[in-house]
Structure formats: structure tokens, C-alpha cells
Amino acid sequence: MELSGATMARGLAVLLVLFLHIKNLPAQAADTCPEVKVVGLEGSDKLTILRGCPGLPGAPGPKGEAGVIGERGERGLPGAPGKAGPVGPKGDRGEKGMRGEKGDAGQSQSCATGPRNCKDLLDRGYFLSGWHTIYLPDCRPLTVLCDMDTDGGGWTVFQRRMDGSVDFYRDWAAYKQGFGSQLGEFWLGNDNIHALTAQGSSELRVDLVDFEGNHQFAKYKSFKVADEAEKYKLVLGAFVGGSAGNSLTGHNNNFFSTKDQDNDVSSSNCAEKFQGAWWYADCHASNLNGLYLMGPHESYANGINWSAAKGYKYSYKVSEMKVRPA
């Protein structure tokens, strides 16, 4: 069927309107977007409707009800520890527990393996002079002064005079036990000296210093002191040498005497007469436990005397007697 000219003209008009509408859409979108309709076509033409732009959003609706609580999730990793809080108050003291059973007595490990003298300490690497603990043959611990510097070291000092701070004119009991101060003058005690020298052989060294600072010494090959039952008898070996000379050999095999126990061979009490305590014979050639008389003195033989060096009227400033295993 042929289309009439009028129909074709109307179709072209519709297309032209659509073209112009589409071309103007960007500009209209910037301002408004009115609804576009094409209606009223005559005859057999179909009705064509063009949809306009969306309208403005409406007002938000009311808030809905909360949903059902979901399942609990898995536990997360622990967080970093926080700062420590302030220290709380001290708690009450608890009740005292029950006393344990007494253990079996055993030998001290220190006694079994500990040092026996200062030479033993030196051999173990103790090179500093000073006070150390050693163990006597009966396992008694004893604190002694070790001379690690003189003549190769390893000397156990049992007598020291240095400043007159300690009274050496004492009785038998005091010399038996020992007396004095670690910081100054002392006598180690006849029981301890006996224990130190009873086992094996020990050499003796005597060191003397006068008030002019001159040093002298004397050495003996062996030295032992017997026990109290033998009145601490001196058993002395040969004089080896030394700048002080020999002032002790004459006391060999003599008993120890004090002002209250006269064991010498003199008709008088030498300890009382010369105000000391020593292995007096018919009195002495040395008196290192005599009075501290500050060098030259007018009195006779009652100072810290070593007659072979300075006679009987000079009292030494420093005296040390020491032993070492031979």
C-alpha cells in the first residue's frame, strides 16, 4: 500500500521533533528535565510516548526497626600489655611454717677441699696480701693474714707489731687463744700456731723495721710449736741467714712463758722481768713480744729487741713473724 504524501510529511515532522529534543537534552539536563510527550497523531499512526527525566528524590522514609543480633564472632588476638599500675599495699605477714627435720652432720666441703695455709692459697691463684680463711687439720676455719709479696709470698703471719696499739704483756690464756686486731697488731694464738706447724715442715721468717725505715730479716730452716701439754715448746731448725742476724737459736727447745706461768730455766721469771711473753731460756737474745718503746730506750732488754742487730736498748717499730711450708 502506498503512503500518501500527507502521511510522509507527518512522519518527517515527528522525526524532526525527536532530533531536536535529543540535541537539546544536555542543555536541559543542566537546568530542568521536563517530561516530553508526543500525542494526537491521526489516522493509523501509532501513539508514541517518550519517557521524561527522573523526578527529584522524595523525602527519606521513617527509620526501620533494628535487625536481629548476629552471632558472636571469634575471640581476637590479645592486645599489647598496658602499663603497670601503682604498687599495692604490703600484705600481712604469713604464719611461720613448721620447722624441718635436722639433717645429718657431714664434713664441710670447704674443709675437704679448702686451703690449708697461705702457700696453698698462693698456689691456687690468690696473689693479693690480706686476710683469708684457711682450714686447720681438725677442719676449724681460721682467718689469717697472708703475706703474698715478701720473698716469693705464701707466708702465714702469726705475729705483728707496728704501732703499739695492742698490749702484749698478757697472761697464758690470752697467748693460748690469741688477741689483737686485723687492722693492726696481733698474736694468732699458740693453739693455732701449733696447728699450723704440726703437719709437715715449715720455715720461719722474721721481718723487722726500725724507726729510720731500715728493713732487716732472719730466716730459719724449720719452725714448730708443740701443743699446750708440752707448754708450747719451740722446735727450731738451723739459721739460714738474713741481715738481722741470729737471735733465736738460743731459745730452741725452751717452753713458752708468760707473766703468770714461769716455764724458763732462770731463777727469776723472765716474762715478768722483761715484760713480755716468749720462749725464754735463762732470759733472752730476742723479745719480740716486749713493750713498744719507740726506738732507743734507757731500760734494759724489755722492748721489741733483737740483740744480734741492735742490741738490748733498741725497740723496733715493726716486727712480723711468719711461716710457710718448706
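Note: Cβ is positioned from N, Cα and C throughout, glycine not excepted.
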Selected from CYS139, CYS146: Swiss-Prot disulphide partner of CYS111: CYS139
Member of CYS146, CYS283 annotated by Swiss-Prot as disulfide partner of CYS270: CYS283
Candidate cysteine (CYS53, CYS118) that Swiss-Prot pairs with CYS146 in a disulfide: CYS118
Residues of the compositional bias 'Basic and acidic residues' (90-104) by DSSP state, where helix covers H, G and I: 0 helix, 0 strand, 15 coil
Recorded positions near ASN305 (N-linked glycosylation site), in sequence order, restricted to ASP262, ASP264, TYR312 and a 10 Å Cα cut-off: TYR312
Segment confidence, the region 'P domain' (317-326), expressed as mean pLDDT: 98
Where ASN305 (N-linked glycosylation site) sits in the secondary structure, as DSSP reduces it to three classes: strand
